[in-house]
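Okay, so here's the structure we're looking at.
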Amino acid sequence: MQPFGDAWSQRHLAGVVLAGSVLSIVGSLYMILGFFFLRECRSFRHKLILGLAVSDLLLALNFFIPSLSMVTGREISSPWNEGFCSANGFLMQLFFAQIDVWQISIALITLLMLSGPSMVLKWIRENVWAVWLFPWLVSLIAAFFAFGFWDYANVGGFCWLGSRNIRLYFNYIPRWIIILVCLVIYIAVYRLILHARRRANIQKTYRGRASDRAPPQPVTTTAPATNPESEKVNPDEISSGNGSSSLDTSRSGSSTGFTQTVHDPAVAGQIQTAAERAQEEAEQQKQVRKIAIQMISYPLAYAVLWAIPTIVMIIQVARGGEGVSIHVEGLAKMLLVFNGFVDAHVYGFNERTAMGWRQRIRPAAQEDDEEAAGTSGGVHEVVSRPEPTLKNPNVWQQNMV
């Protein structure tokens, strides 16, 4: 028996799925168009994000078509639409699995890129097509496996695996395993970034202290004898901007003449350097916190996205399909459809896509955005370089956000 089988419930769930699919379509197109129209969004990592965006778009369209049919009065689970429902369920399983593979692939390749040059990384960079092919192969295997053993049916707004038990063990639990794996990977990514920053800061601090310890070089000048008339400052020199230097020079002289030795202001230089370092350390701590938030946002977004649907599914499995209201079921369906919309935020607004669109629409804001790029670029600023590596801290120091 299909869940919420009455006509009103089916149309209500279809409307929820339709609204969510439209938002996901917009989010997916936002990422795809950003890749083709924004030069800063064409790095190697953005090529991987493009693959994820394409899968998000196809999944959103696969939600959009059946939900629109149901809203307009067509019954996708009727006997004459059995083929349509089976195709819709097969594609649903295909793209859900494909997005899972894309998520963990992007996380693993990001970690690999931050770990330094390697033959594997070199091969991946030269064979992006293989990275694109891998999620399709894995998801096709999963979809055909499900198609061979289980039936697809209307689950409320779209077709998917008909059995809740199968959906729970074949889709929900593996997705949570992937979320946990991604969490561990991005924690490792954050530790690599933090370690590289510390190494760069240590080298910079060492160079700064070495320059502070260097003995000041005296500058010896001989001031000629002067008379009181020479201490008068010419007004023309003041108006031309040379008055202050003339004033200092004339006052430094003496009526008897002497050898003047001027040392570098070591104490003032050290105070200035300490203030600059304190400000720089505070800014770096702020940037590190932003990177930490960004690292946790990747897996956390999907954990939030799948938390309620998983809880609802567990309750329904435990109670034989009952136990939640139509509104809770609608919320769970909405979150399932939100993949493209969430990815647009996590991989778009969270990185440099939003700033790129702003620069394209408002070129006058480009200078301000370039100043803010150090805190808004996120991990993209690191992995978009040709060969970021821990073995060259200077590169990290220049390129880290």
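Keep in mind that glycine also has a Cβ here, set from the backbone N, Cα and C atoms.
The shown structure was predicted, so the numbers you read here are calculated from the model rather than taken from an experiment.
Take the candidates Cys41, Cys159; Swiss-Prot pairs Cys85 in a disulfide bond with Cys159.
Going by Swiss-Prot topology annotations, Ser43 is found across the membrane from Trp160. For the topological domain 'Extracellular' (316-321), DSSP puts the residue distribution at 3 helix, 0 strand, 3 coil. Per DSSP, the topological domain 'Extracellular' (69-93) is made up of 18 helix, 0 strand, 7 coil. For the topological domain 'Extracellular' (1-16), the model gives a mean pLDDT of 74. Here the transmembrane segment (94-114) sits apart from the transmembrane segment (17-37); fewer than 3 CB pairs are under 8 Å, leaving out pairs fewer than 6 apart in sequence. Counting Cβ pairs closer than 8 Å to the transmembrane segment (322-342), the top stretch among 17-37, 129-149, 176-196, 295-315 is 17-37. In the topological domain 'Extracellular' (150-175), helix, strand and coil residues by DSSP number 12 helix, 6 strand, 8 coil. With a cut-off of 8 Å on Cβ pairs spaced 6 or more residues apart, the transmembrane segment (176-196) and the transmembrane segment (295-315) reach 3 or more such pairs and are scored as touching.
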